[in-house]
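Have a look at the structure below before the remarks.
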Amino acid sequence: MKEVVIASTNKGKIKEFQEMFQSFGIRVRTLEEFGEIPDIEEDGESFEENAKKKAETICDQLQLPTIADDSGLMVDALGGQPGIYSARFAGEEKNDQKNIHKLLNMMTSIDMEKRTAQFVSVIAFAIPGEETIIVRGTCKGMIGYEPKGEHGFGYDPIFYLPQYKMTMAEIDPTLKNQISHRAHAIRKLKNKIEYVDLKS
């Protein structure tokens with residue numbers, strides 16, 4: 001089976017990548033398999049810059065094909081916040097519950113029709129000696145008034161999908177892996193990497 005490394009320690013994100021990549025015959029290896037790897041500072045000004053930096057840094061260190069995802073939530077009524085700061089919106093410890101609490105507090109006076117938002121996922125795929133491939137996927141929805149659902153991670157419990165009348169954390173994970181921002185980005189990436197010679 002062909003293999004890539006994922007430049008992430010986020011267990012929820014790793015699980016989604018492994019499930020989706022397995023469906024087209026690629027095994028996703030984690031950083032834990034390679035011992036101590038220093039954290040990479042996400043200091044870019046866009047999802048694209050952060051994803052590219054993570055993928056290329058790990059690819060250079062390991063000399064293996066590497067994927068990295070930088071993703072986040074963009075709320076229209078908040079001018080696109082939290083954006084690239086989604087994971088650390090309420091502090092550097094990257095606590096999902098605190099992030100959700102802060103966001104909901106900022107939106108208490110905003111009516112439902114103005115609570116539009118989108119999840120964004122940018123995936124960078126770095127290959128030794130090749131130009132890095134970058135793809136972007138989005139998923140549109142609304143911000144609910146309270147967390148609902150047990151699946152997923154991050155802002156999933158408050159990301160309401162009107163067409164399903166459920167949050168991203170309430171829908172079946174199999175469906176999420178078909179409609180999410182990350183799923184859209186991975187499908188775009190799949191079309192590009194079919195022509196890349198990955199080692200088995």
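Every residue, even glycine, has its Cβ placed from backbone N, Cα and C.
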Same-site residue for substrate (record: TrEMBL; known: Ser8, Thr9, Asn10, Lys11, Gly12, Lys13, Phe153, Gly154, Tyr155, Asp156, Lys176, His181, Arg182; options: Ser71, Ser109): Ser71
Three-state secondary structure, which DSSP defines for Gly154 (substrate binding site): coil
Spatial separation of Glu41 (Mg(2+) binding site) from Ser71 (substrate binding site) - C-alpha basis, Å: 15
Protein Cβ atoms within 10 Å of Glu41 (Mg(2+) binding site), excluding its own: 10
Intrachain C-beta neighbours of Gly12 (substrate binding site), sequence separation six or more, cut-off 8 angstroms: Gly152, Phe153, Gly154
Residue pair Asp156 (substrate binding site), Asp70 (Mg(2+) binding site) - Cα distance, angstrom, rounded: 16
